[in-house]
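Student: As annotated in Swiss-Prot:
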type: BINDING; residues: 8, 10, 37, 115; note: divalent metal cation 1 binding site
type: BINDING; residues: 37, 59, 85, 113; note: divalent metal cation 2 binding site
């Protein structure tokens, strides 16, 4: 199964639209998982033109009255895939995310919130974060594509926009 993973779209509060590169990256997916901070349910309608969408509530979604579950668990082939927004502090703390995944009974946990993509393989769980395609934090805009085939899982971070500035030399 091919799955598109996205988070932290923040449309329309911080960005005006989903980049076309997201639609290109998700062209052949069978399912889209959104890890929260939609800030408008309209994003779901747009993504549903590609594939069915499942989502969870992000911290900003509560401010906009978007009522979706705070966590979900999906049985996809031989994997139990958890979906959360991932509001842990410090942001992206793998130990806290692991505990949340264990509470869900997940062997794969997808989260967002950091606006920074990562793939972490722990002893008993894989932690995935697609980053943000619209408002990345000190990294390139991105989404993720998962391929689950029986007992095999492949995850790929896909850049969806221009790279951010990595260095600057400034002189007066």
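The count begins at 1 with the first shown residue.
Backbone N, Cα and C define each Cβ position, glycine as well.
These figures come from a predicted structure and were not determined experimentally.
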Student: Count the Cβ atoms, other than its own, that fall within 10 Å of the Cβ of residue 59 (divalent metal cation 2 binding site), considering every protein chain shown.
Tutor: 14
Student: How many whole Å apart are the CA atoms of residue 59 (divalent metal cation 2 binding site) and residue 10 (divalent metal cation 1 binding site)?
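Tutor: Here the two Cα atoms lie 11 Å apart.
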Student: Same chain, not part of 37, 59, 85, 113: whose C-beta falls within 8 angstroms of the C-beta centre of the divalent metal cation 2 site? Give them in sequence order.
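Tutor: Going along the sequence, the neighbours appear as 7, 8, 35, 36, 57, 58, 60, 61, 86, 87, 112.
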Student: Just how many other Cβ atoms lie inside 10 Å of the Cβ on residue 115 (divalent metal cation 1 binding site)?
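Tutor: I get 24 for this one.
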Student: Compile a sequence-ordered list of residues in the same chain as residue 37 (divalent metal cation 1 binding site), six or more apart from it, whose Cβ lies below 8 A from its Cβ; state 'none' when nothing qualifies.
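Tutor: Set apart from residue 37 (divalent metal cation 1 binding site) by at least 6 residues yet with Cβ under 8 Å, we have 7, 8, 9, 10, 58, 59, 60, 61, 85, 112, 113.
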Student: Which site among 8, 10, 85, 113 has the most other CB atoms no more than 10 Å from its CB, taking these as binding-site residues?
Tutor: 8
Student: Starting from the divalent metal cation 1 site formed by 8, 10, 37, 115, give every other residue of that chain whose CB sits within 8 Å of the mean position of their CB atoms, in sequence order.
Tutor: 7, 9, 14, 36, 58, 60, 112, 113, 132, 134, 135
